[in-house]
Amino acid sequence: MMVIQQFTHLYSDIDVNATLGRLAFLISNIAVSYFLYRMYKEKLPMTYGDLPEGKAHLGHHLFWWALILIPQGLNYTTLSGYLSSSQAVMEKLEFSAVIGVVTILVYYLVKRLMLIQKRRLAFERAKAKRQEIIAQRIAEMEEDKEETVGSNETHIEIEEPEVDLDKISAQSLRLLRSLLLIVYLAFLSVVWADLYQAISYIGDITLWNVPSNIEGIEELSAFSLKNILLSIIAFWMTAILARDLPGAMELLVLQHIELSPGTGYAITSLTRYLTIFMGIVIGSGLIGFDWSKMQWLVAALGVGLGFGLQEIFANFISGLIILFEKPIRIGDTVTIRNLTGIIAKIQTRATTIVDFDRKEVIVPNKAFVTEQFVNWSLSDPITRVTLSISVHYAANVDLVTKLLFEAADECDLVLDNPAPEVFFLTLTADSQNFEVRAYAAETAHRLSLTHDLHNRIKQKFNHHGIDIAAPQLEVQMKRRKAR
């Protein structure tokens, strides 16, 4: 049918083109509709995308039926006598379809590359975790440390959300789809450029007039329907970029750069804030807001909000300070007020801390700027664990010191550098008080180290007959003589 149409077009005979060419055009449109219908029924992955089988929404069905019925609509216009116009529209539709297929191929190619990148990162993470598990099993074979292993696994689970590969990959794919859609629409605007004159009237539809100051002269600028359409597009693109750009940056750029802990999160958060701010400024300018004339409103809002919402603004500014200075980072163990836990999220208004009971506590950002707190892992994750040991007043001091050093040296969680220390601190009427100072590599090891070290000390004391000091009270009873 395509050959016949080209022949009739080149033959330049009105009668031949109006009869044989019209018939070939009608038959080819029917064939195109049938082909599209079969693709719709077959539910091909390329055409159905990531939609699960049977889960397609109404808009998806409407899109496919529009594609199927458009050729038949052109058949109707052809039979009505608009053959040349129908052929011109069909030609542009064919170009649009080719560009659409190329766009889909590019999408699936980039999606495949992202999947490979995601699997590589997951493999590296799994390999590192496997090495850690092997090290834990070796330690478990030497000594029974089930609680130690459980504590380490809990620590790993808390740090896992720092880089959520599934979430980042989903954000990247959404951003890719949105960008490819924008590129596709740009190509369509070139293909259908002939129709600009037909829709150029929307620029003449004035909705309202906006006063503007041009070189000191007050003038009225017309605000048309075209402006509101452009502003909608600007806000739509801002929402897409603010939602998906941070994930794409994390997967495609930041993973390949050596950054200090927390820097990547700060970069993505500031990028989101800057994108939203720029989108609001551009979109507002398109709908006629003159920011030079809004200074009085901004000043009034600043004063009003400064009194009414000062805590919210203080928390927002504190959040920016936290992102820049990084006194806390995701995964850090902190103590603020009477709360100790691990930083899980740093958001605009507040920070989420997960304590050791797995409870999520929301702390305003202002607290980390104006109050004193302890970050156990800011520059050095090594912390000191101090144990107070009291023994019977008659125990051998040298033997007790030796046993305490041996217990610390045998504990795998105690670091060799800095070396453990033992001090004989006080001597009372019923006890001798010692202090053991050992160093843990991570904050999560503190409880496990304390448990294991106490257990070893108790076993060694029992083996050598050393008693733990207990409070003693001597009571002397005197018999009084009766008078």
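Backbone N, Cα and C define each Cβ position, glycine as well.
The annotation domain 'Mechanosensitive ion channel inner membrane' is assigned in TrEMBL to 1-208.
What TrEMBL lists as transmembrane segment is 20-37 (among others).
Summarising the annotation, TrEMBL assigns transmembrane segment to 58-74 (among others).
Non-local neighbours of the transmembrane segment (94-110) in the same chain are 46-47, 176-177, 180, 183-184, 187-188, 191-192; each lies 6+ residues outside the stretch with a CB under 8 Å from one of its CB atoms. According to TrEMBL, the feature transmembrane segment maps to 94-110 (among others).
Sequence annotations record features per position, and here TrEMBL assigns transmembrane segment to 179-203 (among others).
Under the heading transmembrane segment, TrEMBL lists 223-242 (among others).
According to TrEMBL, the domain 'Mechanosensitive ion channel transmembrane helices 2/3' annotation covers 270-310.
The annotation transmembrane segment is assigned in TrEMBL to 273-291 (among others).
Summarising the annotation, TrEMBL assigns transmembrane segment to 297-324 (among others).
Marked as domain 'Mechanosensitive ion channel MscS C-terminal' by TrEMBL: 385-468. Restricting the average to the domain 'Mechanosensitive ion channel MscS C-terminal' (385-468) gives a pLDDT of 90.
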Would you list the DSSP helix, strand and coil counts for the residues of the domain 'Mechanosensitive ion channel MscS C-terminal' (385-468)?
35 helix, 27 strand, 22 coil
